[in-house]
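If you look up TrEMBL, you'll see B:10-344 marked as domain 'PTS EIIC type-2'. Among the features that TrEMBL reports, transmembrane segment is placed at B:20-48, B:68-87, B:99-126, B:146-168, B:188-207, B:227-246, B:323-344. What TrEMBL lists as region 'Disordered' is B:350-375. The compositional bias 'Acidic residues' annotation in TrEMBL covers B:352-375.
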Amino acid sequence: MARKLLAVTACATGVAHTYMAEKALIKAAKKMGVLIKVETQGATGIGHKLTAKDVQIGEAVIFATDTKVRDAERFENKKVMQINVSDPIKDAEKVINDALALADKK
Amino acid sequence: MTWKKFGKQLETHIMTGISYMIPVVISGAVLMAISRVGASFFGISDIWDPKWAKSANMIIRFLNVDDGWGGIALGLMFPIISAYIAYSIADKGGIAPGIIGGLLVANMNAGFLGALASGLIAGYTVKFLIDHIHLPEAAKSVLPVFIVPVVGAFVTLFLIQYVIGIPFASLNTGLAAWLKGMTGTNRILLAAIVGGMVGFDLGGPVNKAAVTTAMALLTSGVYDPNKAAQVAIIIPPLGLGLATVLGKRKFNNELKEAGNASLVMGLIGVSEGAIPFAVESPLKVIPANVIGSAVGSAIALGLGAVNRAPISGFYGWFAVEKWWVYIFAILVGTLIVTGLTLLFRKDIKEEQPEETEEKSDDNDSEYFSEDQWEN
Amino acid sequence: MALTKIIQPKLVKFNLIASDRDAVIDQLADLYLKNGVITDKERYIEAVNERETEGTTGIGGGIAIPHGKSEVVKSSAVAIAKLAKPVEWQALDDKPVEYVFLLAIPDDGDNEHLQLLSELAGTLMDDDVREKLELADSKEDLEKIFMK
């Protein structure tokens, strides 16, 4: 069974980095055979909003955010990894490996 | 935030509420249709009357129960739309205050405008609470489980009861009294006024004022207002339902579904079928309904159709004296609502390419299917 | 893709000559001022620099995507430049920057344009797009990459 991750990306301006981080995560996950759903919280609103069901399925959540995550209470009981929005842009594979390690940690 | 942006967001919130409400409306409409159409085979046109619960015929007893089920489903319309408008605005926290406020709206007959208000009040109240109350880490869990539901529900209920409820209630009694005083005036004008009021808020305070007054007058042998009301009740759901069939491009899929339910509800005499449309764009739908209902009522009366029973569904049509006039009046009113609606509404075509674009974008980013995700 | 809607040929520069980051931004801001995208160059540059201090916009692969959000911006826009000589940008991968996408973001821009800018930013993560950038030989090539 494929591994499943969730991510939320957001940056201060909400126009550029949010979406670059999204693409970087998806690109890397695809390459690594990991399924990931990425929610973008940008200036034009929330994109690909994660549903309660998504949250239930995902093993861990990556917050690649430089601002406060909107509706963060959705992820209350999940394992959350907080990083900067530029981290996935720099090295998304490392971010995903870290998140998988977090998911495996008891 | 600019007004334009705010309006756009408001639209999404309301659309979210509608999309959750439509399945409820459809189940209610179909349950009621089964009961009412079924009852018409037995020559019964008031199957909702409690007297049928004691019928010797088991099928009739069941149809009476089934009509009640439909009523329960339709009674949930306002709580559901209010809850999910609030949910769209404020997430999970909005649901409890929204549903409680919506039930109050349903109980006090504040109509769809009341339900809309309830959802917005609940949603924005909860959003305000969540955004502005900052508790220390240790006490944080108190916010979603205690403060938000309790304060949210209290504020919503208080505003609906005293700020929205009182004017609505006095509007209702005021209009009823005014209507009673008008029985001596020109019959056709009166019919148009009753028809317009019925079409205005589809079961809300204005509508109820007209319908209950008409029924009260019926018992004292004044048939005109009743006739006008019965014609007008079914024109908006039929007209809007027909509009979704004729103007496919002007409605999204959800509203098209609502349109089918609306046609069914129109035929069985339930004006609430038009509510999803009225909530979605009240400024366009209300005038169309008022004009269509008013004209339809005026024609029915002017050409001398007489409906003595408080029944508006199709199974009552043939009991009407001069039923062809009656049906003609309904037809004209319906076509007016349909025509005006199609005229007021823009094609959603311009948005569609955007949607497909988004979809192709989805295909880029979602390299796996929902099935893979869920298994 | 509707990226064509925001990419204006007059805002694309090939072989821009600039000695450092500030000079690149200054020249592109000049372009904005001339074309009526911004009303006040100094205040716009201030906004861009402010964003830069929050974290580098050099996203690696020789690409930088500086952006300024300010009330002096009249309409959403992007200025694209391939530099004649790469400049230092403290990029995420420490490589100098050769391609600059300077975004202008109004304080309350309409959603459609902002979405296009976001989409543009997203495409810059594509290996395919990065490769084409490197192969671009002229201003026209540069424009074509995003006008598919």
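Every residue number used here counts from 1 along the chain in the order it is shown.
Placement of Cβ uses the backbone N, Cα and C atoms for every residue, glycine included.
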Suppose you look only at the domain 'PTS EIIC type-2' (B:10-344); what would the mean pLDDT be?
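For the domain 'PTS EIIC type-2' (B:10-344), the model's average pLDDT rounds to 87.
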Any residues 6+ beyond the ends of the transmembrane segment (B:99-126) with a Cβ under 8 Å from its own?
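For the transmembrane segment (B:99-126), the far contacts come to 10, 13-14, 17, 75, 77-90, 93, 148, 151-153, 155-157, 159-161, 164-165, 168-169, 172, 201-208, 275, 278-279, 282.
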What residues elsewhere in the chain lie close to the transmembrane segment (B:323-344), defined as a C-beta under 8 angstroms and at least 6 residues from its ends?
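Residues packing against the transmembrane segment (B:323-344) from afar: 195, 231-232, 234-236, 238-240, 242-243, 246-247, 250, 266, 277, 281, 284-285, 287-289, 291-293, 295-297, 299-300, 303-305, 307, 317.
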The transmembrane segment (B:188-207): which same-chain residues, six or more beyond its ends, come within Cβ distance under 8 Å?
109-114, 168-169, 171-172, 175, 179, 182, 214, 224-225, 227-229, 231-233, 235-236, 271-272, 274-275, 278, 286, 289-298, 300-302, 333
Let me spell it out: take the transmembrane segment (B:227-246), skip the flanking residues so only those 6+ beyond its ends count, and list any with a Cβ under 8 Å from a Cβ in it.
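Long-range Cβ neighbours of the transmembrane segment (B:227-246): 190-192, 194-196, 198-199, 202, 210-211, 214-215, 255-256, 258-267, 269-274, 277-278, 285, 288-289, 292-294, 296-298, 300-301, 305-307, 310-313, 316, 326, 329-330, 333-338, 341-342, 345.
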